[in-house]
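Just below is one structure, and these are the notes that go with it.
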Amino acid sequence: MEEERKTAELQKNRIQDSVVFEDVAVDFTQEEWALLDLAQRNLYRDVMLENFQNLASLGYPLHTPHLISQWEQEEDLQTVKRELIQGIFMGEHREGFETQLKTNESVASQDICGEKISNEQKIVRFKRNDSWFSSLHENQESCGIDYQNKSHERHLRNHMVENIYECYEENQDGQTFSQVPNLDSLKRNTEVKSCECHECGKAFVDHSSLKSHIRSHTGSKPYQCKECGKAFHFLACFKKHMKTPTEEKPYECKECTKAFSCSSFFRAHMKIHIGKTNYECKECGKGFSCSSSLTEHKRIHSGDKPYECKECGKAFSCSSSLSKHKRIHSGDKPYECKECGKAFSSSSHLIIHIRIHTGEKPYECKECGKAFSESSKLTVHGRTHTGEKPYKCKECGKAYNCPSSLSIHMRKHTGEKPYECLECGKAFYLPTSLNTHVKNQSREKPYECKECGKAFSCPSSFRAHVRDHTGKIQYECKECGKTFSRSSSLTEHLRTHSGEKPYECKECGKAFISSSHLTVHIRTHTGEKPYECKKCGKAFIYPSALRIHMRTHTGEKPYECKECGKAFRHSSYLTVHARMHTGEKPFECLECGKAFSCPSSFRRHVRSHTGEKPYECKECGKAFVCPAYFRRHVKTHTRENI
């Protein structure tokens, strides 16, 4: 009687506190199931079989679960359902399962919580830790990711040290576990994310995940598609690529027509248009649609660049940038345009290039309606409306709205001219200037000035030149009233008032008000004279000197004095001559007060005070104040040699 009473009480407790199959089942929707690869589906099937069999082995009278009954009505899961049901009811464990249904006798005991109990009692002795679930739901905002039903519960286990199930026997050992089948894990070490990356410090739950992550540092992509040659870091990505029919991208964005082969990429892209930003940077407040973008962005603030190129040592903040960079060394250009055959090292460059053929300009300015083929060009254009110029020159303080303009400007300080003409050796700051120069050499110059005969291949250069003759003034100096036909000329002139000389020679430290003056000066150090007279072979440092020299051969004197009719080859000669009529002497010596009409005469006079004699004869060492005296002296040595 006593034994029957205990058995009845045990059965009653079992009904009240038992763990049913649905408590340990993992449920998937049709959409979620479609995203699983073969390995994941097999794992799912094995886990579900093990869960059901373990519950059955505890002696609990189970019928076909409601979950499995549902599966039988869903056609996409037919194969797995059939295998699962057959594995439970008709497979190798059927005999043991039926035996457990027929008997309530105690079977082999098992060590749980340091105490030996029977399988008959297991179902009673362990229950759901309801206090864990209550605290779990109170803190469901822990990471901002939304889940539904049991998916949320499973996800929240990652945030908790505790697991779902605890020992019901007064919780003597305080030990917990997450699933009924894993009873052996009670004594297992529960330390999480024990595998850490030595490169960036990121931690992972298992060694295989760490191994996959390390490939992002090394750039290793062991899984390559034989059809298109595309390689992948991860086997799952490779499998997904292989399943996707060639060139098929069924997920198309209606906003910008960009297409995707994967629904998850499409959803992440859509967040860009709708402005949905789940992840926000605490440093600057910038929002991102996915966590990986935020992680990469944070490295801008920290300066962290964990991905380093082994070829040149250059480091990058994200693995994709390193992968693109490596193609510079390898010369690999896997993305080819089907229209013109041009190849690119990155898919984004190909997408932008294709828009040249299609004429597509998806990025439109909301201010003026102007459209662009690249988002970066729209960003730069937007600054013309806001006036923002974030890229500032450290040498002279001039600011620009895009980095390329700053890079070009910096060449004026350094004197760098990377674009050189193969015909004459002349170098330029800009590729466009070189292109114009090359065209000028190979084509006619139809735009000829009627005043001085100078010809131009470009109409804009011709119009600017004509203003010099016509006196058509557009830009006036507010300091002295002097006027100019070009804004750049006014800018340079203003520096004569401010004393600013932003362009400094690195050889001797001498500074200049314009970059062109610095360029000419640098040639005095290098000895370069790129402009040569075809008549006599004499070479000059700058083109204007060659043009003036050519007039000695042609006899041309385009600059005529209106007072006396005397003509000159150079405009500066006419300016000095005109002062003879006006009596103007603007160059005054601070030492003695003597004034001069010509700057060269003034400089010669100043040397009489300082004793400077810059023109020295290499034959005898004698020095002179002015170049005319020096040239006269050199001729005396040539006569002696004759």
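Even glycines carry a Cβ here, placed using N, Cα and C.
Summarising the annotation, Swiss-Prot assigns domain 'KRAB' to 19-90.
The annotation zinc finger is assigned in Swiss-Prot to 195-217 (among others) on the grounds of sequence analysis. Across the zinc finger (195-217), DSSP assigns 11 helix, 4 strand, 8 coil.
Residues or ranges marked as zinc finger by Swiss-Prot: 279-301 (among others).
The helix, strand and coil residue counts that DSSP assigns across the zinc finger (307-329) are 11 helix, 4 strand, 8 coil. What Swiss-Prot records for 307-329 (among others) is zinc finger.
Away from its own ends, the zinc finger (335-357) comes close to residues 258, 324, 327-328, 373-374 of its chain (Cβ-Cβ under 8 Å, at least six residues beyond either end). Residues or ranges marked as zinc finger in Swiss-Prot (evidence: sequence analysis): 335-357 (among others).
If you look up Swiss-Prot, you'll see 363-385 (among others) marked as zinc finger. The average pLDDT for the zinc finger (363-385) in the predicted structure is 88.
Sequence annotations record features per position, and here Swiss-Prot assigns zinc finger to 391-413 (among others). Beyond the ends of the zinc finger (391-413), by six or more residues, the same chain brings 380, 383-384, 429-430, 502-504, 515, 518 to within a C-beta distance below 8 angstroms of the stretch.
Marked as zinc finger by Swiss-Prot: 419-441 (among others).
Taken from Swiss-Prot, the feature zinc finger covers 447-469 (among others), and the record attributes it to sequence analysis.
Here Swiss-Prot flags 475-497 (among others) as zinc finger.
Annotation source Swiss-Prot lists zinc finger at 503-525 (among others).
What Swiss-Prot records for 587-609 (among others) is zinc finger, and it gives sequence analysis as the kind of evidence.
Look at Swiss-Prot and you will find 615-637 (among others) tagged as zinc finger. Among residues of the same chain six or more beyond the zinc finger (615-637), those with a C-beta under 8 A of the stretch's C-beta atoms are 600, 604, 607-608.
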By Cβ distance under 8 Å, which residues at least 6 away from the ends of the zinc finger (503-525) in the same chain are close to it?
412-415, 417, 492, 495-496, 541-542
In the zinc finger (447-469), how many residues does DSSP put in helix, strand and coil?
11 helix, 4 strand, 8 coil
Between the stretches 195-217, 363-385, 475-497, 587-609, which one has more Cβ pairs under 8 Å with the zinc finger (307-329) than any other?
195-217
